[in-house]
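Trainee: Grabbed the feature section from Swiss-Prot, which reads as follows:
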- 1-22: topological domain 'Virion surface' (TOPO_DOM)
- 23-43: transmembrane segment (TRANSMEM)
- 44-97: topological domain 'Intravirion' (TOPO_DOM)
- CYS50: S-palmitoyl cysteine (LIPID)
- 60-83: region 'Disordered' (REGION)
- SER64: phosphoserine (MOD_RES)
- SER82: phosphoserine (MOD_RES)
Amino acid sequence: MSLLTEVETPTRNGWECKCSDSSDPLVIAASIIGILHLILCILDRLFFKCIYRRLKYGLKRGPSTEGVPESMREEYRQEQQSAVDVDDGHFVNIELE
């Protein structure tokens, strides 16, 4: 039941809900949309890094090289490899005695 369709009224036996007809198509549609929204919010919080990384970079691992001459492709690969090699130099080996 949606909170927007419920009304609590005091009766002799205590509190009871007088809800609108739950077979109303609008209530059913709103309930389904609410449940789907809740599921998507939970999945978004659990997997936001994976989801947004996929959206940002797509399924490919790097920029497209379609239409680029082979010499430029090789130059790009060398630049990428040298950048990785430079990053490897930041690690420090610590020996415990």
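Positions of Cβ are set from backbone N, Cα and C atoms, glycine also.
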Trainee: In terms of DSSP three-state secondary structure, what is the assignment for SER82 (phosphoserine)?
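Mentor: Helix, per DSSP.
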Trainee: C-alpha of SER82 (phosphoserine) to C-alpha of the residue listed as 'S-palmitoyl cysteine': distance in Å?
Mentor: 27
Trainee: Through the lens of DSSP with three states only, how would you label the residue listed as 'S-palmitoyl cysteine'?
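Mentor: Once the DSSP labels are grouped into three classes, the residue listed as 'S-palmitoyl cysteine' ends up as helix.
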